[in-house]
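Worksheet: the structure to be examined is printed underneath.
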Amino acid sequence: MHLDHHHESAAAVSADARRPDGSRRALRIGLGGPVGSGKTATVAALCRALRAELSLAVVTNDIYTREDAEFLLREAVLPPERITAVETGACPHTAIRDDISANLEAVEDLEDEVGPLDLVLVESGGDNLTATFSRGLVDAQVFVIDVAGGDDIPRKGGPGVATADLLIVNKTDLAPYVGSDLARMAADAKAARGELPVVLQSLRGEDGVREVADWVRERIAAWTA
């Protein structure tokens with residue numbers, strides 16, 4: 001389920017789009033959102049959906065552990081050399097917005113060690129509704145919320161909800177059990193975001209990530225055009 005409106009602008013260039021050897025670097029997409037909203041599950045589903053057609057890698061962020069990276073490794077969504085972790089040691093937004101050096105180094109190391117990449121997914125540690133990525137780190141941002149957090153979250157807004165290039169309302173299958181009104185969430189998201197796209201998804205089905213994967217494909221096409 002999704003709102004049928006799209007934002008067609010090409011992916012913004014966050015930094016030099018060329019590597020030192022002159023080749024085009026990978027498109028970088030950041031995924032942020034509150035703790036437990038389903039960021040890692042979405043990353044895993046995207047890897048499964050795209051790994052046959054794109055050369056991709058993942059950088060995860062946790063404060064003191066490698067928990068999210070270890071989950072992806074256990075799920076075998078990508079070969080181990082394509083998954084790396086940053087231990088931020090501080091609030092998650094610091095490493096994706098204020099001091100992006102560790103994440104930039106992780107991304108560049110992946111490109112050096114794995115070879116040419118089409119896409120790098122950078123997953124933030126769980127944060128609040130104000131979390132945003134530096135455009136020096138990523139070219140596009142996805143923000144993930146879930147219905148269990150309350151159907152008033154889109155109305156409350158915040159930079160993540162209002163300005164991310166894509167908003168995902170996740171775990172729609174739980175709506176009947178937690179009393180969330182999906183139509184209200186969709187309408188509030190549209191009011192907060194205007195023409196920016198929104199996807200309502202449940203990853204319980206095999207094609208649950210299809211719309212988000214299609215959005216990523218559009219960004220890749222714009223990046224390589």
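Every residue number used here counts from 1 along the chain in the order it is shown.
Just so it is clear, glycine is given a Cβ too, placed from its N, Cα and C backbone atoms.
Residues or ranges marked as region 'Disordered' by Swiss-Prot: 1-21. Look at Swiss-Prot and you will find Gly33, Pro34, Val35, Gly36, Ser37, Gly38, Lys39, Thr40 tagged as GTP binding site.
Feature annotations (Swiss-Prot) mapped to structure.
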residue	record	Cβ within 10 Å
Gly33	GTP binding site	28
Pro34	GTP binding site	19
Val35	GTP binding site	11
Gly36	GTP binding site	14
Ser37	GTP binding site	25
Gly38	GTP binding site	23
Lys39	GTP binding site	28
Thr40	GTP binding site	23
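Listed in chain order, the extra residues whose Cβ falls within 8 Å of the Cβ center of the GTP site residues Gly33, Pro34, Val35, Gly36, Ser37, Gly38, Lys39, Thr40 are Gly126, Val144, Asp146, Asn170. Secondary structure from DSSP puts Pro34 (GTP binding site) in coil.
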